[in-house]
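Novice: This structure is in structure tokens; I'll ask about it shortly.
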Amino acid sequence: MTYDNHSEEVILTEPNTSSAKSPGIAEKLRQSCSTSRFSIHRPIFSQAKFDDNNESLEHNVPATPWVKLKREVGRKLHSTFHSRTDCRRIIKKKVFRAFPLLTWLPRYDIRQNLLKDLIAGITVGIMNIPQGMAYGKLAGVPHVYGLYTSFFPLLMYTLMGTSRHVSVGTFAVVSLMTSKIVRDYEHREAKVLTDAGLASNWTQDNEGHEENVAARVYALITVAFCVGIWQMGLGLFGLGSLTVYLSDQLIKGFTCGASFHVFTSQLKPVFGLRNMTSHSGAFKLIKSYGNFFSRIKDTHPPTLAISLTCIGVLLFFKYFVNENRRVMAWIKFPLPSELLVIVFGAVASYTMKLREKYNVTTVHKVPVGFPQPQIPDMTLVPEILMDTFAIAVVGFTITVSLGKLFAQRFQYEIDPKQELKALGTMNIFGSFFQCIPATGSLARSAVQVAVGGMTQIVSVVAACFVLVVLLALGHLLEPLPEACLGAIIMVALINMLKQVTEIGRLWKVSLIDTSVFVVALLAVLLLDVDSGLLVGLSYSLLTVILRTQRPEVGLLGRVPQTDIYKRLDSYKSAMEVPGIKIIRLDAPLYFANAEYFRRVTFELCELDTVIEPAQSRPTSPERRRHRRGSKYQSFAPTTWHDEEVDPNVGQLRLGQLAEVSVDSGTLVLTPPRDRSESLRSRKLSGSLPHHVIFDCSSVCYMDVTGVEMVEKMALECRKAGIEFLMASCKANLRETLFLSGFTKRVGPDQLYLTVHDAVLFAVKHDGPRKPSLTVSGGVASVDV
């Protein structure tokens with residue numbers, strides 16, 4: 001294609017492959033092409049020339065941050081007060097965005113979805129009963145509070161959530177994190193209740209340990225309230241995007257480590273070790289297992305027998321029924337093995353009188369009806385607000401991760417900001433009804449999708465099923481052995497525990513991602529759940545910083561017969577243009593990597609001894625890599641035919657790069673010279689590059705320190721008689737360069753539209769500065 005200021009012409013030429021007897025790289029490239037190729041003829045564009053010729057838009061005009069802020073505020077004010085949009089339409093849009101139920105419910109397909117949602121709702125409701133009771137006890141409060149969490153939050157999420165397939169309620173990791181705060185503030189809340197004249201009696205639990213149920217519940221509702229405040233605040237301020245720093249590897253390592261803590265907490269009810277003490281803080285897991293093995297001789301045989309029986313039944317249904325494709329193809333939906341264990345466990349305990357005859361610990365008491373609303377203890381909020389932040393982030397991250405997974409599978413979108421608001425609202429609302437902090441559940445969400453649930457009507461049906469248990473069937477669960485609930489939790493954790501096998505898969509892909517997973521896992525195992533999350537997050541952010549602090553810097557070469565430039569250590573056909581060094585940085589250029597970029601650039605361009613003759617630095621990994629990568633470069637001259645524009649019309653023939661005449665149409669690129677030749681011989685022979693080109697196509701932003709470093713490099717190169725050019729700069733980079741004064745001090749003609757434009761300019765203006773060389777005392781110096 002030929003482009004000029006007045007006309008446009010397209011020229012198609014057939015490749016000529018008959019002239020070469022022994023085809024080289026360029027000939028092989030032409031032979032591998034299709035039946036035709038195109039040539040583009042246009043002027044060499046600097047960035048300023050291109051902007052002038054193509055009428056750059058307003059946002060490309062450099063503006064200070066203050067001017068940008070005033071423009072943005074002005075646009076918002078104008079759109080607010082001068083918009084002709086109907087106010088009722090705006091209010092309706094905001095209401096529908098706040099309550100997504102109003103969007104999809106009027107379009108609900110009763111004939112196609114209602115039966116599926118009813119079946120899925122009953123299935124999820126059945127799962128909510130055993131899991132709610134088990135995770136309620138795990139949170140440090142009586143079992144019934146887990147059932148409350150399986151009812152109230154579901155209704156609020158149905159109204160405000162954007163995911164159609166996430167099942168919210170109790171979750172093992174969140175319950176474990178909640179129990180730590182509840183137990184830590186149990187004594188404080190007991191004193192508050194006593195001072196207020198409310199009932200706050202210290203009693204003994206089923207295992208003979210002292211507890212204050214009223215104080216724990218009072219602390220629990222305050223924890224749920226604070227979690228909701230965090231989530232609602234993050235949603236209102238649009239800070240849900242901050243959770244992107246919680247990588248998948250970090251979340252998997254954290255949940256895997258937390259699952260070990262949950263598993264360990266169930267050793268006591270499963271083995272019937274009533275005298276096993278609880279631990280907290282660093283090395284909690286090690287202390288717990290030390291205590292477990294020292295008291296394992298006190299195992300209660302009837303309790304262990306019940307536990308092993310329940311675990312065997314659950315594993316049989318898990319692997320031979322619900323995860324068996326042949327069986328599932330026949331029965332169509334997974335069997336509720338947890339509910340079967342609870343039903344048969346309660347019946348067996350009642351008929352055999354396990355509590356009275358064999359001293360087996362049972363649920364013992366399940367209140368019937370709704371709880372009385374309670375107001376959280378506002379005096380406790382300042383003390384536990386920071387402690388609950390981790391619970392809020394973990395709950396949101398798990399819910400959004402599940403929501404994105406199902407949204408991608410069923411081709412719809414979720415709104416993370418609205419998800420935060422939905423979670424915050426349901427936890428604040430649930431705190432007044434004595435609920436545990438609720439979040440999405442991996443197991444129940446997977447079952448909901450597997451059974452065929454299509455919308456959040458599933459949650460409504462599940463909540464109704466739990467409601468029946470709360471109002472009428474609660475007393476039937478009182479004979480249930482707690483060992484059955486412990487067995488349910490242990491089996492439910494298998495998939496989370498199996499995440500430790502991710503190390504083998506990640507090891508083959510990325511060492512850094514593997515280290516993030518391992519550090520998060522070990523931090524949670526050795527320290528505690530909340531402090532382990534903090535350590536894992538800190539390390540994950542550190543790896544991001546280190547990746548940009550020592551980024552990839554490479555030399556580029558031109559692919560024959562194209563305007564494509566690739567790294568020399570990655571492509572055999574890419575070859576250096578004589579006298580020109582092209583550098584690409586695959587990262588943002590900012591204060592942490594600016595000096596590293598300068599040093600590596602001068603090493604790769606073999607200018608370190610010219611620019612810094614008095615300093616001796618170790619060879620960078622990039623330079624060593626390029627030395628090892630020299631095997632990919634062709635040391636035999638490669639010949640091909642370049643169809644370029646005649647230089648007489650103000651354009652450049654790339655044949656000027658050749659060592660033979662331009663008229664012959666033959667271009668021969670010479671291989672890189674031996675880098676071991678001495679500095680003196682290189683300078684006397686003129687082998688130093690006359691241009692260094694910085695490819696900015698992979699640089700997303702540049703701070704003031706980065707601009708100052710680029711300016712320093714440009715001036716240092718100019719002093720040595722070498723021109724430093726920049727190519728493919730994005731609009732924000734050009735603004736930063738202009739506002740910092742780079743274009744005034746260095747020159748506006750240093751920026752070019754593409755790397756190819758910069759190369760053409762460099763070849764046409766070969767060696768614009770000729771420094772004089774003087775040698776004194778064996779040290780070469782450069783004077784312009």
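The backbone N, Cα and C atoms fix where each Cβ goes, and this holds for glycine too.
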Novice: Quick check on the annotations: TrEMBL lists transmembrane segment for one of 114-134, 429-449, 576-596. Which range is it?
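Specialist: From TrEMBL, the annotated transmembrane segment range turns out to be 114-134.
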Novice: With the ranges 1-24, 625-648 to choose from, which does TrEMBL describe as region 'Disordered'?
Specialist: 1-24
Novice: Any residues 6+ beyond the ends of the transmembrane segment (517-542) with a Cβ under 8 Å from its own?
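Specialist: That would be 173, 176-177, 180, 245-247, 249-250, 252-254, 256-258, 260-261, 280-286, 387, 390, 394, 500, 502-503, 506.
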Novice: Sequence gap of 6 or more, Cβ distance under 8 Å, 3 or more pairs: do the transmembrane segment (480-497) and the transmembrane segment (333-352) meet that?
Specialist: yes
Novice: Which stretch, 114-134, 388-407, 453-473, tops the Cβ pairs under 8 Å count with the transmembrane segment (333-352)?
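Specialist: The stretch with the most close Cβ contacts to the transmembrane segment (333-352) is 114-134.
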Novice: Would you mind listing the long-range same-chain contacts of the transmembrane segment (114-134), meaning Cβ under 8 Å and 6+ residues beyond its ends?
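Specialist: Apart from its flanks, the transmembrane segment (114-134) reaches 143-144, 146-147, 149-150, 167, 169-170, 333-334, 336, 338-339, 341-342, 363, 441, 443-444, 447-448, 451-455, 457-466, 469, 477, 480, 484-486, 488-489, 492.
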